[in-house]
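What TrEMBL records for this protein:
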type    : residues                                   : note
DOMAIN  : 61-147                                     : domain 'GHMP kinase N-terminal'
BINDING : 88, 89, 90, 91, 92, 93, 94, 95, 96, 97, 98 : ATP binding site
DOMAIN  : 208-286                                    : domain 'GHMP kinase C-terminal'
């Protein structure tokens with residue numbers, strides 16, 4: 001195989017209570033990339049559509065991950081890479097993670113599956129360092145493993161796949177404003193009261209249990225964020241109104257997707273998820289802010305060949 005075209009999904013990280021520890025991949029939204037082997041042992045980004053990103057390989061997460069993998073594998077080829085961004089950086093939907101994870105998956109395929117998913121996650125995390133200064137795993141792991149994931153530990157890295165109820169559907173509104181991950185991380189407190197921590201990790205346990213048991217009421221009760229949301233929501237126009245509208249129209253719960261500004265809601269069934277989308281639209285339609293709304297099943301697969 002000398003060339004490969006792949007799809008890498010958008011992802012929702014944190015999932016309310018799981019700050020830096022949980023995420024899931026979306027079926028209906030993601031980036032596309034084409035990787036072609038070259039004789040010259042270098043990484044060339046020859047095309048970028050859909051976003052204003054650097055073509056210099058050492059400044060682009062795709063190039064950074066690619067170079068790490070080619071060096072580590074001692075590959076006897078270089079790469080020409082074309083990037084087709086389908087959603088904007090700074091969206092809170094794992095734009096850099098889609099690029100990094102898709103790159104790791106594609107190169108591993110060209111290397112005949114040399115690396116495990118855990119190893120691919122580690123490579124993709126190097127791209128996140130380039131994008132936001134932190135080796136965060138929740139988005140990239142979700143984009144590689146698919147479905148819901150839990151980052152149980154960072155040292156050593158331990159990724160747990162969590163079963164996803166087939167009727168669970170995500171609705172996401174993406175206001176067309178940009179919130180840099182680095183800026184959003186700065187407003188999250190580095191120290192929290194023990195009482196708050198107890199509630200937060202109890203909700204993580206509840207969410208994981210609810211996903212395993214397909215207990216939708218428990219999933220909804222557990223979608224509570226006492227750590228990041230109270231501070232980050234101030235950066236997102238009409239956050240409280242969108243969350244209230246989503247829940248009033250049947251959503252199990254709602255919260256900030258990643259660093260924002262996107263807001264996600266989870267619902268039981270596509271019919272309710274579409275109703276939630278209409279409610280979100282009602283909040284934003286007269287706001288003067290451009291936005292997109294997506295209704296998506298949770299993708300059972302991560303990055304894949306198309």
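The chain as shown is numbered from 1 upward.
Using N, Cα and C of the backbone, Cβ positions are placed for all residues, glycine too.
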Looking only at 90, 92, 94, the binding-site residues on record, which one has the least crowded Cβ, with the fewest other Cβ atoms within 10 Å? 90
Within the domain 'GHMP kinase C-terminal' (208-286), residues counted as helix, strand or coil by DSSP: 45 helix, 10 strand, 24 coil
Using an 8 Å cut-off from the Cβ centroid of 88, 89, 90, 91, 92, 93, 94, 95, 96, 97, 98, can you name the remaining same-chain residues around the ATP site, in sequence order? 10, 87, 258
